[in-house]
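K.L.:
The following feature annotations were taken from TrEMBL:
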type: ACT_SITE; residues: Ser183; note: active site, nucleophile
type: ACT_SITE; residues: Asp347; note: active site, charge relay system
type: ACT_SITE; residues: His379; note: active site, charge relay system
type: DOMAIN; residues: 39-90; note: domain 'Partial AB-hydrolase lipase'
type: SIGNAL; residues: 1-25; note: signal peptide
Amino acid sequence: MGGSGCIGAIKVMLIVCAIGRNAHSSPPESRYKWTTMDWLQAQNVSHEVHNVTTADGYQLQVQRLPRLGAKPVLLVHGLLGSSLGWVCMGPERSLAFQLHHREYDVWLANLRGVAPYGRQHIDLTDVMVEFWRFSFHEHGAYDLPAIIDHMAKVTGDEQLASGGGPGQDEEQIHHQVLLIGHSQAFNAFLVLCAVHPRFNQRIQLIEALAPLARLHRQVRFDSFQVRHLMKFIKKRQKANKFEIFPPGYFRKVCQAKRDLCEYYAKQLVGSAQNNKKLLEAFNYEYLLQGGSPREIKHLQQIWKSGDFISYDFGTAENLQVYHSVEALSYNISQITVPIVLYFGETDAIATPEGVHAIYARMLRSVKSVRRINSKKFNHLDFLISGDVKSLVNDKLIEHMEQFLDGRLPYVIE
């Protein structure tokens with residue numbers, strides 16, 4: 001190698017090493033402001049960015065950690081979340097990196113409303129009230145179908161390009177995807193399979209962390225906290241602030257009013273595995289943010305009604321939208337995708353009782369119900385607990401691989 005070539009190679013090596021050290025050498029304070037792309041670039045991990053347009057015009061950015069020809073896994077964030085939740089614990093403890101290291105083709109969803117990856121639309125902008133007229137129904141009816149169909153097209157084209165055209169049975173297996181979701185993502189999964197039955201054959205397994213579908217009389221907060229939250233939302237709407245929690249909102253408020261934040265965190269999220277880090281999730285700029293008024297209102301309707309229903313617009317608009325005076329109930333009894341549910345003992349919203357109520361309603365599909373092995377484990381510990389690798393990720397991957405091998409034990413905890 002010539003002198004100039006050697007110097008060039010050394011420069012490249014130094015740059016790569018510097019990038020690799022960045023995630024470890026950067027102080028935690030700076031990492032709190034990182035986006036998903038910042039994390040992927042800091043790890044120097046192979047990644048792709050895919051732009052997906054939904055049938056109703058939302059333009060979503062999906063990140064991918066590619067493994068060509070490998071089993072595709074789609075990670076879907078929950079209420080107020082984003083793809084950041086799957087990478088923000090770094091390469092040793094974040095689920096996205098763990099799955100990639102185990103040779104899975106990992107895709108990270110960003111649903112409509114997420115900053116900065118779900119804020120584009122072909123006709124609307126995110127300062128318009130029309131942009132924010134969505135709940136988990138739209139996540140399941142529009143966002144997830146567009147993302148999963150895009151994944152199938154990309155991976156199918158890759159297989160054809162490599163000369164490996166599949167037979168009919170192989171093609172069906174190839175187009176199947178593993179879904180892993182946190183919190184409200186499970187609601188979107190149910191809508192997806194109820195509204196678009198074809199996805200019952202396209203999804204191989206759903207693993208749901210802290211699922212929210214059953215809320216009536218099965219949460220640990222009361223009507224006082226709910227009324228207070230709804231008053232807050234109405235106040236923001238009157239001020240023409242259609243995004244409920246802009247990026248950095250929680251960080252700013254919790255720094256100024258720590259005691260108040262701790263109170264509401266314990267009431268609405270639950271006691272953490274380590275209460276000294278109860279507010280850790282609120283330090284991140286992009287981990288908890290977004291949210292539309294309709295999104296919160298829809299959950300409130302489920303909480304009040306006791307049923308898994310579509311959004312209730314009121315009698316007049318229900319007649320226009322549903323041709324019925326009442327909101328429609330999703331027919332979840334027809335969902336056939338195998339499901340594994342996970343719950344934390346002190347989760348205030350996806351309580352043990354609530355998760356077992358999902359199991360009782362979906363006996364046909366639920367193959368296992370697992371308790372996280374910790375006396376305290378709340379709704380956000382599934383993402384940012386210091387022990388998330390051993391308590392959640394390792395177990396989740398183990399059960400997924402047992403299922404793929406046909407040896408997942410039927411366990412209800």
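Just so you know, glycine gets a Cβ as well, placed from its N, Cα and C.
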K.L.:
Give me the Cα-Cα distance between Asp347 (active site, charge relay system) and His379 (active site, charge relay system), rounded to a whole Å.
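P.N.:
Rounded to the nearest whole number, the Cα-Cα distance is 5 Å.
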K.L.:
Tell me the residue counts in helix, strand and coil for the domain 'Partial AB-hydrolase lipase' (39-90), as DSSP assigns them.
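P.N.:
Counting residues by DSSP class gives 8 helix, 19 strand, 25 coil.
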K.L.:
Near Ser183 (active site, nucleophile), which residues of its own chain have a C-beta under 8 A away, given they sit six or more steps off in sequence?
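P.N.:
When sequence neighbours closer than 6 are ignored, Ser183 (active site, nucleophile) has His77, Gly78, Leu79, Gly81, Leu209, Ala210, Pro211, Leu212, Ile349, Ala350, His379, Phe382 within Cβ distance under 8 Å.
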K.L.:
Enter the number of other CB atoms within 10 angstroms of the CB of Asp347 (active site, charge relay system).
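P.N.:
For Asp347 (active site, charge relay system), the count of other Cβ atoms within 10 Å is 28.
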